[in-house]
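Structure first, commentary second.
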Amino acid sequence: MSAAAVTRRINAGGLRVEVTNGNGAAGVYVAAAAPGSPTAKRVNDGGGKDNVWVAVDEADVSGAGGGDGARPTLFRTYKVKGSILHPYRFLILVRLIAIVAFFAWRVRHKNRDGAWLWTMSMAGDVWFGFSWVLNQLPKLNPIKRVADLAALADRQQHGTSGGGELPGVDVFVTTVDPVDEPILYTVNSILSILAADYPVDRYACYLSDDGGTLVHYEAMVEVAKFAELWVPFCRKHCVEPRAPESYFAMKTQAYRGGVAGELMSDRRRVRREYEEFKVRIDSLFSTIRKRSNAYNRAKNGKDDGENATWMADGTHWPGTWFEPAENHRKGQHAGIVQVLLNHPTSKPRFGLAASVDNPLDLSGVDVRLPMLVYISREKRPGYNHQKKAGAMNALLRVSALLSNAPFIINFDCDHYVNNSQAFRAPMCFMLDRRGGGDDVAFVQFPQRFDDVDPTDRYANHNRVFFDGTTLSLNGLQGPSYLGTGTMFRRAALYGLEPPRWGAAGSQIKAMDNANKFGASSTLVSSMLDGANQERSITPPVAIDGSVARDLAAVTACGYDLGTSWGRDVGWVYDIATEDVATGFRMHRQGWRSVYTSMEPAAFRGTAPINLTERLYQILRWSGGSLEMFFSHSNALLAGRRLHPLQRIAYLNMSTYPIVTVFIFFYNLFPVMWLISEQYYIQQPFCEYLLYLVAIIAMIHVIGMFEVKWSSITLLDWCRNEQFYMIGSTGVYPTAVLYMALKLFTGKGIHFRLTSKQTTASSGDKFADLYTVRWVPLLIPTIVVLAVNVGAVGVAVGKAAAWGLLTEQGRFAVLGMVFNVWILALLYPFALGIMGQWGKRPAVLFVATVMAVAAVAIMYVAFGAPYQAGLSGVAASLGKAASLTGPSG
């Protein structure tokens, strides 16, 4: 459609608003706010770019379909054009042949002068080749799938069952610490969920506070109050995004509401209220502490005595206290379930007209709010609470008793809904029976991040993984579960198999007979309803005594004992990357998953831009991957329902840190050049170098094809290469060491919570980027840096002492190319450990040149004469031996 657009611009307070009547920008469409509206437009992320992607015939991707007849699918499927895909596959084949030829050549030319080094390098090269094959094979058939919201709206409007109704959705948000995970992130996440463009009576929001802090609870009380203003404002003016912190930070916005003349006055009022809301949130720590001190003094008559934490209603907080006490400390407190916003009625409730007390005219706006529930599960000493996986399983059980929606979306607390249509998009895949929707266990969105430094120094955007590796898995059974921004089918989380393998009712009965779900009969009786994808939300009329007892039972710390929770049911336990292991369990049962994206991005979050925190993050990921390999979630143990290439993809995910041990030692090989004039890994050396250059060049050419079809930038690709080397020289080998210790000692690995950005309030948006937090994890990479700087210096010294035309000089220069390449890959790390000096990259360049020059001068002054003397002695000994000849 290309309807003419009438554009007006309103300028006030530094904000430019483009008011558009029509379709908006070319190629980008928005769905109507009301479900089933005939004016709904398609949300398109550019999946059909003519230069890369081509649409797939619906008949090629549709399933058996049942009774949907000729109705079109709710999503569009695209494949890479043959002009790109066929050369890409051919290069992969050529490189595979080259690797085999390289190994055969090395075996025929074994280096007997340094057999131990040759053997080590040969083992490393074999593992490099094996790891590359594991990584490359699952990428042979990249597929892009795009939700068609217009088709969804049409189906809901004209469908014979369900009418214009969408199924119910439960939204899970998890948090632990209000300091490491700043509470402002959490409240923005909840507000964006409450304001999402989805039928308000058909979704509920749950916050799991695994720390049991009163700060989180009272923050949710404040959120419930502010949402009464924020949510109607979002609906009235169709604002995007619907997280207030992000919305008010934007300078230019396209207006798609119907009352542009009221936007500026409404916006000013809401922003003023939001600033006051933030003040109350920021002061919660001091407010609660002052209140608690006052109550404690009044009760005890003095400052000492009981140091309880008190709620606003004058009762003890049942969770953790500021001053730890018995049954009120971290890891030891009662379970809490509190409904802060009740489930709304099915009929719209419109707001009031503008007045002195109510400056916003909400007379035509539905002011209902979704259900909001605060949860903190019980914790007691002596129990393994299983971190995030345990919290998610508690959420799954509680939600089954309160709302029991057939679909579930989970968020980390630092992510928010960036596109108000985000809850509708995954429904296009879940509800499309003709497109195989009944077999889809989950829909995964890419993770997009705010406040990452402009150069993305530590590859936080991770576009190579999200838009390359994960996208390519769409051509198999689908992507792995990535921990956040995911919609699940509740039945899949319960451990049920896809419908083609058996009816849900019979599966639930069989699993219950085996006591897989636990002792709550109420929970088990709710499961069949929860597996019905047409179902809405039907919360209990009131939280009476029986419901309260059931809630206490399913949040008890010992509920999982003796059941299948954490293995065959819910999120998987005892693995740091519980997300990948949980997705793997679903795939091996025969479920599929879908990777999709939309514009604007469905969800956005915050990434750690501090070097140390980023390294700890990937340490947890890589350690969890190895735990998965050495567990019942090993891909080699899966049955036949797992696609062969999907099995290879999971095998790669769980073993990739191992190859970095060889990379680490390869990076230390230049030490040999510091103690010997000639030390060859392989001879003849020139042929060896030619093989290496050809094989390395081919992998980069293949990478350029992936850059093309994944639509990432060269900067994204370069940052990925750099940070992989940074991880390979410290973090990944450390994860391998941790796993080895776990296997030998039986003790688990403790991974610390990744701390989010906390110094941005200092005035510098990227202050964390220039903060150095020295930890032992930095040492191995620093050693590699020093060794390679020294090797470059020695190479320069050799070239100066022996001359470039000599054999020693030529080989020194060739070796120096390897060292310089390693230093270029470690460049972001070097900037990171410089702290504030990292703002001036020229300082790093000058320091590196000075260090290289110093080493070169030292070699020329001391090393060259010494090596010349050794060479002279060796020559004399050789001449004497030739004169005497063999005796006898």
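Using the three backbone atoms N, Cα and C, a Cβ is placed for every residue, glycine included.
Because TrEMBL annotations are produced automatically, they should be read as predictions rather than curated entries.
Record features (TrEMBL):
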- Asp210: active site (ACT_SITE)
- Asp579: active site (ACT_SITE)
- Glu181, Asp210, Lys387: UDP-alpha-D-glucose binding site (BINDING)
- Lys388, Asp412: Mn(2+) binding site (BINDING)
- 88-107: transmembrane segment (TRANSMEM)
- 656-676: transmembrane segment (TRANSMEM)
- 688-705: transmembrane segment (TRANSMEM)
- 725-744: transmembrane segment (TRANSMEM)
- 777-805: transmembrane segment (TRANSMEM)
- 811-830: transmembrane segment (TRANSMEM)
- 842-862: transmembrane segment (TRANSMEM)
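Take the CB of Lys387 (UDP-alpha-D-glucose binding site) and look out to 10 A: across all protein chains shown you find 19 other CB atoms. Across the residues annotated as binding UDP-alpha-D-glucose (Glu181, Asp210, Lys387), the two Cα atoms farthest apart lie 15 Å from each other. Only Asp210, of the recorded positions Asp210, Asp412, Asp579, have a C-alpha within 10 angstroms of the C-alpha of Lys387 (UDP-alpha-D-glucose binding site).
Taking the Cβ of Asp210 (active site) as reference, residues of its chain lying under 8 Å away and at least six apart in sequence are, in sequence order, Thr174, Thr175, Val176, Ser376, Arg377, His385, Lys387, Lys388, Ala391.
Residues 84, 87-88, 91-92, 94-95, 98-99, 102, 105-106, 132, 136, 681-682, 717, 814 of the same chain sit 6 or more residues outside the transmembrane segment (688-705) yet have a Cβ under 8 Å from a Cβ within it. Cα of Asp412 (Mn(2+) binding site) to Cα of Glu181 (UDP-alpha-D-glucose binding site): a span of 10 Å. Recorded residues Glu181 (UDP-alpha-D-glucose binding site) and Asp579 (active site) have their alpha carbons 19 Å apart, per Cα-Cα distance. Here Asp579 (active site) comes close to Ser480, Tyr481, Leu482, Gly483, Trp571: these same-chain residues lie at least six apart in sequence, with C-beta atoms under 8 angstroms from its C-beta. Distant neighbours of the transmembrane segment (777-805): 611-612, 615-616, 619, 664, 667-668, 670-671, 673-674, 677, 726, 729-731, 733-734, 812-813, 815-816, 819-820, 822-823, 826, 829-830, 833, 848, 851-860, 863-864; these residues of the same chain sit at least 6 beyond its ends, with a Cβ under 8 Å from one of its Cβ atoms.
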